[in-house]
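Peer 1: Pulled the feature table from TrEMBL, pasting it below:
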type: SIGNAL; residues: 1-17; note: signal peptide
type: DOMAIN; residues: 7-124; note: domain 'Hydroxyproline O-arabinosyltransferase-like'
Amino acid sequence: MLLLIILLQSLLEKIAPTWMSISLGMTNDQETDKAFGWVLEMYGYAVASSLHGVQHIRRKDFMLQPTWDLEVGKKFIIHCTYGCDYNMKGELTYGKIGEWHFDKRSYLSGPPPRNLSLPPPGVPESVCTKKGQRCQLLSNLKCKSQYRLLKCLHCPWMS
């Protein structure tokens with residue numbers, strides 16, 4: 001399960017050099033790099049924070065991950081971990097791009113368009129509700145620099 005970290009700047013400054021050193025060491029080892037893939041830096045963080053005695057509080061009710069979580073409930077933020085792919089009947093199409101598609105990776109070079117289409121009927125609440133809120137946020141952005149700032153700050157709707 002994905003773990004979201006909210007950290008004091010002073011703690012981040014304390015562990016960052018160790019985190020970078022561990023992550024680079026893992027990246028430079030071909031076998032380790034292949035085994036951990038894109039989550040390598042997350043493990044680097046876990047080891048570095050442990051070495052520096054950083055304590056974490058885990059809250060299962062903190063984050064929503066469509067399409068994994070189906071209901072919104074009382075979550076505080078959304079993390080678009082997975083692509084959202086559905087056919088026009090509102091059925092999830094695991095492993096293939098659906099007729100209706102939203103994936104944050106489609107917008108690596110710039111913000112999504114302001115007129116994103118809503119998902120088809122039958123799609124879980126977590127995708128519909130949060131997608132609508134994402135559209136509302138995007139329509140309020142004035143320029144690409146605001147989008148980049150939100151992305152850099154890991155704004156819940158841009159993650």
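Positions of Cβ are set from backbone N, Cα and C atoms, glycine also.
Keep in mind that TrEMBL annotations are predicted by a computer and have not been checked by a curator.
Each of the listed features needs to be described in terms of its position in the shown structure.
Peer 2: Taking the domain 'Hydroxyproline O-arabinosyltransferase-like' (7-124) as a whole, pLDDT averages 85 in the prediction.
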Peer 1: Looking only at the domain 'Hydroxyproline O-arabinosyltransferase-like' (7-124), how are its residues distributed among DSSP helix, strand and coil?
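Peer 2: Residue counts for the domain 'Hydroxyproline O-arabinosyltransferase-like' (7-124) by secondary structure: 46 helix, 11 strand, 61 coil.
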